[in-house]
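Going by TrEMBL, these are the annotated features:
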type	residues	note
SIGNAL	1-24	signal peptide
TRANSMEM	276-298	transmembrane segment
TRANSMEM	340-366	transmembrane segment
TRANSMEM	372-391	transmembrane segment
TRANSMEM	412-433	transmembrane segment
TRANSMEM	445-468	transmembrane segment
TRANSMEM	499-523	transmembrane segment
TRANSMEM	529-556	transmembrane segment
TRANSMEM	568-587	transmembrane segment
TRANSMEM	599-627	transmembrane segment
Amino acid sequence: MARGPLAFQLWISVCLLLFFRARCFYLPGVAPQDFQNGDPLNPKVNKVTSTKTQLPYSYYSLPYCRPEHIVDSAENLGEVLRGDRIENSPYEFKMREPQMCNVVCHVTLNAKTAKEFKEKIDDEYRVNMILDNLPLVVPVPRPDQENSFVYQHGFHVGLRGQYAGNKDEKHFINNHLTFTVKYHKDPMTESARIVGFEVKPFSVKHEYEGEWSKKTRLTTCDPHAKRTVTSSESPQEVEDKKEIIFTYDVEFQESDVKWASRWDTYLLMADDQIHWFSIVNSLMIVLFLSGMVAMIMLRTLYRDISKYNQLETQEEAQEETGWKLVHGDVFRPPSNSDLLCVYVGTGVQFFGMILVTMLFAVLGFLSPSNRGGLMTVMLLLWVFMGLFAGYSSARLYKMFKGTEWKKITLKTAFMFPATVFAIFFVLNALIWGEKSSGAVPFGTMFALVFLWFGISVPLIFVGAYVGFRKPAIEDPVKTNKIPRQVPEQAWYMNPAFSILIGGILPFGAVFIELFFILTSIWLHQFYYIFGFLFIVFIILIITCAEITIVLCYFQLCSEDYLWWWRSYLTSGSSALYLFLYAAFYFFTKLDIKKPVSGALYFGYMLIASYSFFVLTGTIGFYACFWFTRLIYSSVKID
């Protein structure tokens, strides 16, 4: 008998380990690549990005050095939607063979190319590169800790500055790159694995003697004289008719970091202690509030049910009071019941997508190393969860005595996706107008429409057909033919007031985590603590359910039986606070000036808030639905 508790404790330990350590291990079956001395390495270029514009561009949209043939890497759906454009580069590395002052190319700017570089420098664009699936980072010393670094993704295209004694601001380009490739050596085979890819960018005005040719030796950077580029060199100015020589160094450093842990250093956050403390603090507060609410509700309800049943057994002819008084109207179908069925079905679809995505992420399948995997999985899960959306909306529709199940199914299949797609299409048109690589190509747009019409819609119909064929859900009490009048309510029970109050606690459950999620999305940082995010998601479910049940109970006690829509809107109103917080974050944390970039931010946050409304509203609705059926089936009704 001792094996049972022991196995349970072991299972709990494994689960906790996965929750708190699920960061960055790789997909099963993904093998590391071993390199021997002299093996060619193929660094690739990715998009150039800016937190000021949120508009990514292809690396070769700028007049950088190009290889003889530009080859695009195969990309998944998530990478395309993120605007990733991964292509080969003119840089050539060989494993554990250092290089100094390699000349990539010689470029003479004209008015157009100089303007392009200046615009990207003004908007603080960063160049992203990849080596062996690791992103290029710039190590920045942490002021609070010695020998510790924060890694910024990509290096700046350039910078603005002034010459000594001159007030005119100039643009300077980073045209010399000192790459550092960190590797972990296997002492048995002498092979090595890449565990780090760093760079130090420099702006240097290269000098040489005579006419330029491929064999020209630079005087500012000479491998034969062991002269390297330093930060004291004269910077390279960006102006019309200026010539720029792009060069690079490659250094190799042996590292103790093993290949399986190489992402850990990339995922360290500058304020990780604050992050962990804030999440734990938030969880404790929400858990305490949830416990208090549950205890109060259980004691109050137990007293109510005992009192009502005792009156019936003693056959005391007293007038019914409280929530029992409205038993003949509490299950009366609401107004706009079709729309409620559609939103509930869509919410179930969203809930299933989020839940399964969270489970995959916690188990490490959607780590940052699997580039674009998170978005791809979410899209595919949304499509296949249409089966449950159709089933849920049809079951509720039949309970409301509906007969036209095909009509409700079409609404479920098109209402929410069409709204989101319309906003997405307008935003994509704006991105297209800016000639950004973030614009979704026509082929990908067609693939999205195919997933919607070809898979999601049929699955919603299949689910609705199965759900409608099931016997209708029976109410625990009979509904009167004539609806009773709802008495005048106190000011604090006003629908608008109680709905707005109800959304505060669910928003509070995700408030701290929301800051880090927005930072990872809009400030281009990795988000990796999916274990804590999953716990926050569970807390969100609990708080949505409990606050809706409490307010529904107060509503029924005040003889207001119109709970259907209010239960959905009570927890769903947390989406309003989410959008308001997104606006606050925009004005306090971001430095976005362009109208198109602002439209992108608020457009995407509107989609996120709408999705959050559907998700939390459905959780609150089903909690209240279960609660009302439970209490009215627990008392004796004549």
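Using the three backbone atoms N, Cα and C, a Cβ is placed for every residue, glycine included.
Within the same chain, the transmembrane segment (412-433) packs against the transmembrane segment (340-366): three or more Cβ pairs sit under 8 Å, each pair at least 6 residues apart. Fewer than three CB pairs closer than 8 A are found between the transmembrane segment (529-556) and the transmembrane segment (372-391), and contact between the two stretches is not assigned (pairs 6 or more residues apart).
Sequence-distant contacts of the transmembrane segment (599-627) (same chain, six or more residues past either end, CB-CB distance under 8 Å): 54-55, 340, 343-344, 346-348, 350-351, 354, 416, 419-420, 423-424, 426-427, 430-431, 502-503, 506, 522, 540-541, 544-549, 552-553, 563-564, 567-576, 578-579, 582-583, 586, 590, 592.
By number of Cβ pairs under 8 Å, the transmembrane segment (568-587) is matched best by 499-523 from the list 340-366, 445-468, 499-523.
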